[in-house]
Amino acid sequence: MNFTKMHGLGNDFIVVAGEKELPANAAELAVQLCNRFFGIGADGLVYILPSEVADFRMRIINSDGSEAEQCGNAIRCVAKYVYDKGLTDRTTITIETLGAGAQEVQLQTEGGKVQTVRVDMGEPVLNGLQVPTTIDAEQVVSHPIEVDGKTFEFTAVSMGNPHCVIYVDDAVNFDLETWGPKLETHPLFPRKINVEFVTVKSRNHTDMRVWERGAGPTLACGTGACATVVSSVLNGLTDRTATVSLKGGDLLIEWNESDNHVYMTGPAAEVYSGTLS
Ligand SMILES: N[C@H](CCC[C@H](N)C(=O)O)C(=O)O
């Protein structure tokens with residue numbers, strides 16, 4: 001099996017193209033290949049597949065074998081892959097995902113290679129039961145959640161995949177390893193959830209650290225950055241365009257008022273290609 005190792009701000013993926021559909025053993029393969037000691041090592045396994053509604057289709061399997069509906073950093077890597085490898089010569093393409101259908105992606109190239117990608121991540125879903133949470137409400141904003149005797153306030157946003165956004169004094173040094181897994185698997189979240197800890201720095205800038213559903217602590221989370229800005233607007237903390245600073249770098253997020261779509265702009269990088277023995 002040929003693969004290409006790629007990342008978006010250090011959120012890294014094993015990218016496989018050429019299959020007609022998701023292999024039946026994709027979950028087992030993801031667990032085996034994402035292992036950083038016995039495998040290639042990555043946060044997820046990404047397949048580029050044919051699509052009937054878009055130029056390409058992306059399916060993403062987390063390192064624990066669970067399939068995610070959407071992945072912001074991976075979609076930028078897929079866009080770079082298909083252009084750099086000559087599968088398309090267009091700099092505006094569409095990529096189909098499980099959670100958001102056909103999404104428009106704009107490629108910014110330099111020297112014939114993609115450097116930066118702007119993705120239309122679609123409309124956020126705020127209805128409590130649709131995120132999903134067990135809370136039957138139009139929106140879940142600053143809602144109390146208790147874990148191990150500690151009470152946080154969270155805002156729930158789906159970008160196709162579910163996110164729980166919590167504001168803390170110092171996201172950069174927050175104890176992600178203790179609280180991330182407890183919140184990821186909290187009974188309020190029927191399909192588990194990605195957890196973002198956020199510190200607002202200004203009306204156009206936040207710090208964010210993420211504990212990802214099915215992958216744990218990652219260096220960056222594209223859908224999490226989108227959820228962070230949507231949540232911050234709902235809580236009156238930032239404007240609709242903001243830079244989200246993650247451990248792996250910055251993403252520019254815009255929650256457009258006129259079309260209600262969230263746009264994410266950031267880099268994508270290829271590390272190496274290989275063949276599995
Ligand atoms: N772990 C996530 C999928 C990857 C999302 C993240 N890597 C991104 O860049 O959006 C989930 O299960 O919803």
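Heads up, the Cβ atoms here are built off N, Cα and C, so glycines get one too.
Annotated features in TrEMBL:
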{"type": "ACT_SITE", "residues": "CYS71", "note": "active site"}
{"type": "ACT_SITE", "residues": "CYS71", "note": "active site, proton donor"}
{"type": "ACT_SITE", "residues": "CYS221", "note": "active site, proton acceptor"}
{"type": "BINDING", "residues": "ASN11, ASN62, GLY72, ASN73, ASN161, ASN194, GLU212, ARG213, GLY222, THR223", "note": "substrate binding site"}
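The substrate site, placed at the center of the C-beta atoms of ASN11, ASN62, GLY72, ASN73, ASN161, ASN194, GLU212, ARG213, GLY222, THR223, has further neighbours from the same chain whose C-beta lies within 8 angstroms: ALA68, GLN70, CYS71, ALA74, VAL210, ALA215, THR218, CYS221, GLY224. Of the residues the record lists as binding substrate, namely ASN11, ASN62, GLY72, ASN73, ASN161, ASN194, GLU212, ARG213, GLY222, THR223, the two whose Cα atoms sit farthest apart are 16 Å from each other. On the backbone, the CA of GLY222 (substrate binding site) and the CA of the residue listed as 'active site' stand 7 Å apart. You'll find the Cα of GLU212 (substrate binding site) roughly 8 Å from the Cα of the residue listed as 'active site, proton acceptor'.
With a 10 A radius on its CB, CYS71 (active site) counts 32 other CB atoms from all the protein chains. Cα-Cα distance from ASN11 (substrate binding site) to the residue listed as 'active site, proton acceptor': 7 Å (rounded to the nearest whole number). Between the CA atoms of the residue listed as 'active site, proton acceptor' and GLY72 (substrate binding site) there is a gap of 7 Å, rounded to the nearest whole number.
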